[in-house]
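Peer 1: There's a structure below that I have some questions on.
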């Protein structure tokens, strides 16, 4: 994701060149730099921060975000703008914003929705929150939603709720149809007629073709479980009823148990099939 985003910033963002890159695995940054050109790989995170006015981060999980900012905060960062496109919980985003502000720096939370293919095609949905002046500095790329950084993460989590509910709905529809003796082809036609556009069409294709069991994952189930954990925490904190989401998360756990942590998120279909007395996968040896 970060590689696709940095490529688009370089190609279309009218940024100063060379673009400074940093990755904890230096070999990845070197290979990415060689492929793109007009890039410079920093030897360390503080070195990357020191020569940059805007520092854009996209990290794997909340632990990586917290560790990275622990390394950044002692440096001279006054007047620098940090844009974080990682997915954390809202409290973490607000805490980082406060700590950066105490050091005279600025922060925009910019979680994104969509996988690497959408990032490459410049089709990600970006949700920005931060003080107005900071958001204005990156406005050529996004539309802001407010001044509290945690608001962006809340919207990202709500977006994930919609995604998981959609996957669960499509999976249950297919399993229901099969148990009733409806041919997969006819159910596919119905879904494409009623919901011809993404996301329903995308998840339907994954399930009908069997790619949810054997293809390259849209999102690994292990990462989906991390994110759904944040959503469940938010729902519990605010007293919200999210029963369909709870069921979808339980199905993710079943997927991980049966197909491993790298299985696709849409293999929820397999969990629903098992509960309906069908084989987990539609693919036969």
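Just so it is clear, glycine is given a Cβ too, placed from its N, Cα and C backbone atoms.
Per Swiss-Prot, the features are:
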type	residues	note
BINDING	87	NAD(+) binding site
ACT_SITE	156	active site
Peer 1: Run through the Cβ atoms and count how many others sit within 10 Å of the one on the residue listed as 'active site'.
Peer 2: 26
Peer 1: Please list, in sequence order, the residues in the chain of residue 87 (NAD(+) binding site) that are at least six apart in sequence and whose C-beta is under 8 Å away from its C-beta.
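Peer 2: 61, 62, 111, 153, 156, 227, 230 - these are the non-local Cβ neighbours of residue 87 (NAD(+) binding site), listed in sequence order.
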Peer 1: What does DSSP say about the residue listed as 'active site': helix, strand or coil?
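Peer 2: For the residue listed as 'active site' - judged by DSSP and reduced to three states - the answer is helix.
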Peer 1: With H, G and I counted as helix, E and B as strand and the rest as coil, say where DSSP puts the residue listed as 'NAD(+) binding site'.
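Peer 2: It is coil.
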